[in-house]
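Below: the structure, in structure tokens.
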């Protein structure tokens, strides 16, 4: 018995392996992964999240007997270690985590051999020191092992405890980051809250689901959608068709902007004086006050997706995250193939957020200027990333060097929840609603307005303003229904369901060189932007699959569907199962004659778009006007040295 006490039991070896793999995971969190951990709750989650899957996987091998059990636990621990280390090396180079989608592109590693080698660090032995020790014991010191059968009645207890710990971890994660699994944020979020091993399981489940949906799809499904979208198409306005052919296109994303801010005064001051000027129709802009966002859970990523593809985001999660590997016929790619445009995106956040570094390759976007191209010193950072003024200042310099004609998309950040701005950047007093979110929103919106004005002035100085098509739009609402009481104080009116629907107007400003501005009260949404731009460029759209219609067309369809099933028209809105008159936002006593037709169309638009995404239907489409995008031809390098198409 004394001899047995000195030996290493199977359960002790199990505990040791769980602890060492967990410790290595902690080491990676703080040394190699940049997870942006803040506060007590997130640190507690970080301590918790590796254990559950490590213990659950390794506990399975406790059912085995003798030497086999030791070896299986060792192999299990080694596989987990290898997965961790593979993520470490991948993260050092790509600032992202391995997914099953990226493993399908493993052939690219051969061409990056030098870069992968450069990703090795001197301290990497830490990840394998326990593996070496365990291997030495298993081969040369078997006499140290107690090979007696482990009592299997304890194994279910260990497994149950592991599963319970996972759900506790998930509960903490959901409390700190609601809708974590359904909205599928940046992979860093998922790893921070779930750990690298649970993230791999999650990614595997999502991959299987996506593959199953794709596997069932066929060309007949595509034909149904094409037949539907072709009968939706409208004739272009002759006055505008080709009016901006081969003009530079600058698309400016106003983060979380809502049109109630236009002409709004707080303490006697205009919140957005510059945008107010652009909204008069006297500054060369067509202003669309009845332009709505059509995003779902993907929010910003959905707005990008919808405007560049004229498809809707998914009912759950982000299309960028879940359908990023699909085949697309995007606006920037069409402009490239039809008129030789180069395309770029500029954003003061890191390229992996919302899976942009992968999605943009499938959109055929040539260049991506992410945070690594900007001065990200502490003084220039606010909230999620680079301050808008610094972002626009540096972006203008990059833009001046772009090959023309170009299609450029600039994504701002400062006017983002929780709407904080440093005292030196706050140029308007907060209102006094008692809600820090609503009060802060006024200050960050003013800062955004000032930033935009400075950028426009820079464009004028660089000779890029007058002869460019300029689009300005709000991507999604900033103030949710949770802040209705404060909004009632700010606006001086009740926030009914109909009024909240009105607050989903995010605005669209369109400057067309050589054309006068106006206030256009047409009802429209983000899906309508792509066909509008293509017609302005003089591009025939009959062979492109799009859910929206040309804003400038006399036959524009003014039914605006929303991802939650609501919709709005120029006369009425359908919200939460009730119909409201747009004139007074009062419930309508009689159903409009065209209501059922509009409702069915709205539902079908969403369903057809979902079918395209879930079945990856565009892979079947041999469009005579479009060559399929080859994602492997695009690579987005880390700044500031620039990036070029291969």
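Even glycines carry a Cβ here, placed using N, Cα and C.
The topological domain 'Cytoplasmic' annotation in Swiss-Prot covers 1-7 (among others) and rests on sequence analysis.
Per Swiss-Prot, the feature transmembrane segment maps to 8-28 (among others); the stated evidence is sequence analysis.
Annotation source Swiss-Prot lists topological domain 'Extracellular' at 29-43 (among others). Model confidence over the topological domain 'Extracellular' (29-43) is summarised by a mean pLDDT of 81.
According to Swiss-Prot, the feature transmembrane segment maps to 44-64 (among others).
Annotation comment: Swiss-Prot describes 65-68 (among others) as topological domain 'Cytoplasmic'.
According to Swiss-Prot, the transmembrane segment annotation covers 69-89 (among others), on the basis of sequence analysis.
Under the heading topological domain 'Extracellular', Swiss-Prot lists 90-119 (among others), citing sequence analysis as support.
The transmembrane segment feature in Swiss-Prot is assigned to 120-140 (among others).
Sequence annotations record features per position, and here Swiss-Prot assigns topological domain 'Cytoplasmic' to 141-153 (among others).
Per Swiss-Prot, transmembrane segment is recorded for 154-174 (among others), and the stated evidence type is sequence analysis. For the transmembrane segment (154-174), the residues of the chain that approach it from at least six positions outside its boundaries are 11, 41, 44-45, 48-49, 51-53, 55-56, 59-60, 62-63, 180, 193-195, 198, judged by C-beta separation under 8 angstroms.
Annotated topological domain 'Extracellular' per Swiss-Prot: 175-646 (among others), in sequence order.
Marked as Mn(2+) binding site by Swiss-Prot: 255, 300, 475, 476. Within the same chain, residues at least 6 positions away in sequence whose Cβ sits under 8 Å from that of residue 300 (Mn(2+) binding site) are 253, 255, 354, 411, 475, 476.
Every protein chain considered, the tally of other Cβ atoms within 10 Å of the Cβ of residue 416 (substrate binding site) stands at 20. Annotation source Swiss-Prot lists substrate binding site at 416.
Swiss-Prot lists 579-646 with the feature region 'Disordered'.
Here Swiss-Prot flags 580-607 (among others) as compositional bias 'Basic and acidic residues'. Non-local neighbours of the compositional bias 'Basic and acidic residues' (580-607) in the same chain are 228, 312, 315, 496-499, 501-502, 527, 547, 557, 559, 561, 563, 565, 567-574; each lies 6+ residues outside the stretch with a CB under 8 Å from one of its CB atoms.
If you look up Swiss-Prot, you'll see 625-646 (among others) marked as compositional bias 'Basic and acidic residues'.
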Message: If we skip the immediate neighbours and take only residues 6+ beyond the ends of the transmembrane segment (8-28), which ones have a Cβ under 8 Å from one of its Cβ atoms?
response: 46-47, 50-51, 54-55, 58-59, 61-62, 69-70, 73-74, 76-77, 80-81, 84, 87-88, 126-127, 130, 134, 137, 144-148, 150, 154, 195-197
Message: Around the Mn(2+) site formed by 255, 300, 475, 476, list the extra residues of the same chain whose Cβ is within 8 Å of the site's Cβ centroid.
response: 253, 254, 256, 257, 293, 295, 299, 303, 416, 474
Query: By a simple count, how many Cβ atoms lie within 10 Å of the Cβ of residue 255 (Mn(2+) binding site), its own Cβ left out?
result: 24
